Amino acid sequence: MKSRPQEFQEDFYIPIPLDTNNITALSPFLVPQDHLGGSGIFMIMTVFMLFLFIGGTSINVLTIVCTVQYKKLRSHLNYILVNLAISNLLVSTVGSFTAFVSFLNRYFIFGPTACKIEGFVATLGGMVSLWSLSVVAFERWLVICKPVGNFSFKGTHAIIGCALTWFFALLASTPPLFGWSRYIPEGLQCSCGPDWYTTENKYNNESYVMFLFCFCFGFPFTVILFCYGQLLFTLKSAAKAQADSASTQKAEREVTKMVVVMVMGFLVCWLPYASFALWVVFNRGQSFDLRLGTIPSCFSKASTVYNPVIYVFMNKQFRSCMMKLIFCGKSPFGDDEEASSSSQVTQVSSVGPEK
């Protein structure tokens, strides 16, 4: 049966040919989207989103509580990690939970207004998380590489860094609320995000996608690569100068490993969205498998779980305090880990060039 042209809808868009000219009857706000996938794929996504909701909420609440509980964790450089936890919490409690309920029902049961709210909040949280990763890199470059001499990193600088992540995130996430792009159901139509699909219409989605690619992917990724590249260069120079120092050699290996993991974590989270959005812009009008359109959203929401693992659990001092909190004051790793962490942090922080 030949597919018919689709009518344009203000609140949703299904980018595949359908055997009906009454697309309103298949609205993702009204009926289960069984025409897009079998019950198995919806059940898999339901379980996955439930895992992200429980895991993301638990680990980020634990990060915040642990920081409040232990004074030693309330250093200026850790402010941005708490900021990251707050943004992740926003995504997991709003984005992942809403997606879980919707996948369970196989359509977005909350309606078009809630879709716009969920899309905005999840995008805002995701953007804050994204910018937090670049601020983490910038702050470490500032403290370790000392590009401005013996710069003293204070609480004011940390707060400014956190505030900038929210400012940039609002700059990127609010335009769809005012007509530059729009928030609609994406992928299997059970979660909402910016409109990556439609082209050549009043929403100017192509220009918005290019704006996001440059401002929210290209620029932060450049900052991360530059800062971590400089950091590794500084550590390698220090390691050569102190070839007999086992602690310096160990610090270099540990930081190199962490940098690689951090860069890969950023790419895993945001490269699928960036690639998918660009593909849509440069292949206008082509249909695609909606299950593939769901993948970028899955990766970005999954970052609420794996980013804390990278940035918090790979921090030995943070991990030690977290284990003490979980095990009622007794860390199963003992106190040696915390001591070695302090020693290593001191070693790494002092390798920058003198000005």
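From the backbone N, Cα and C atoms, a Cβ is placed for every residue, glycine too.
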Query raised in the report: Going by Swiss-Prot, do TYR13 and THR198 end up on one side of the membrane?
Result: yes
Requested in this report: Annotation N-linked glycosylation site in Swiss-Prot: match it to one of ASN150, ASN205, please.
Outcome: ASN205
Query - Selected from CYS190, CYS192, CYS214, CYS216: Swiss-Prot disulphide partner of CYS115 - result: CYS192
Query raised in the report: By a Cβ-Cβ criterion of under 8 Å, what residues six or more beyond either terminus of the transmembrane segment (158-181) are in contact with it?
Result: 76-77, 79-80, 83, 87, 116, 119-120, 123-125, 127-128, 130-132, 135, 138-139, 194-195, 202-205, 207-209, 211-212, 215-216
Query - Neighbourhood of CYS192 (disulfide bond), C-beta criterion under 8 angstroms, separation at least six - result: THR98, PHE108, CYS115, LYS116, GLU118, GLY119, ALA122, TYR183, ILE184, PRO185, GLU186
Requested in this report: Whole-number Å only: compute the distance from the Cα of ASN205 (N-linked glycosylation site) to the Cα of LYS301 (N6-(retinylidene)lysine).
Outcome: 22
Query raised in the report: How many helix, strand and coil residues does the topological domain 'Extracellular' (282-289) contain under DSSP?
Result: 1 helix, 0 strand, 7 coil
**Report entry** Close approaches to the topological domain 'Cytoplasmic' (67-78) from elsewhere in its chain (Cβ under 8 angstroms; 6 or more beyond its ends)
**Finding:** 139-140, 143, 153-155, 157-158, 317-318, 321, 324-325
Report task. Grab the same-chain neighbours of the transmembrane segment (42-66) for me: Cβ-Cβ under 8 Å, and only residues 6 or more beyond its ends, written as numbers and ranges. Result -> 73, 81-82, 85-86, 88-89, 91-93, 96-97, 99-100, 103-104, 106, 188, 190, 294, 298, 301-302, 304-305, 308-309, 312, 318, 321-322, 325-326
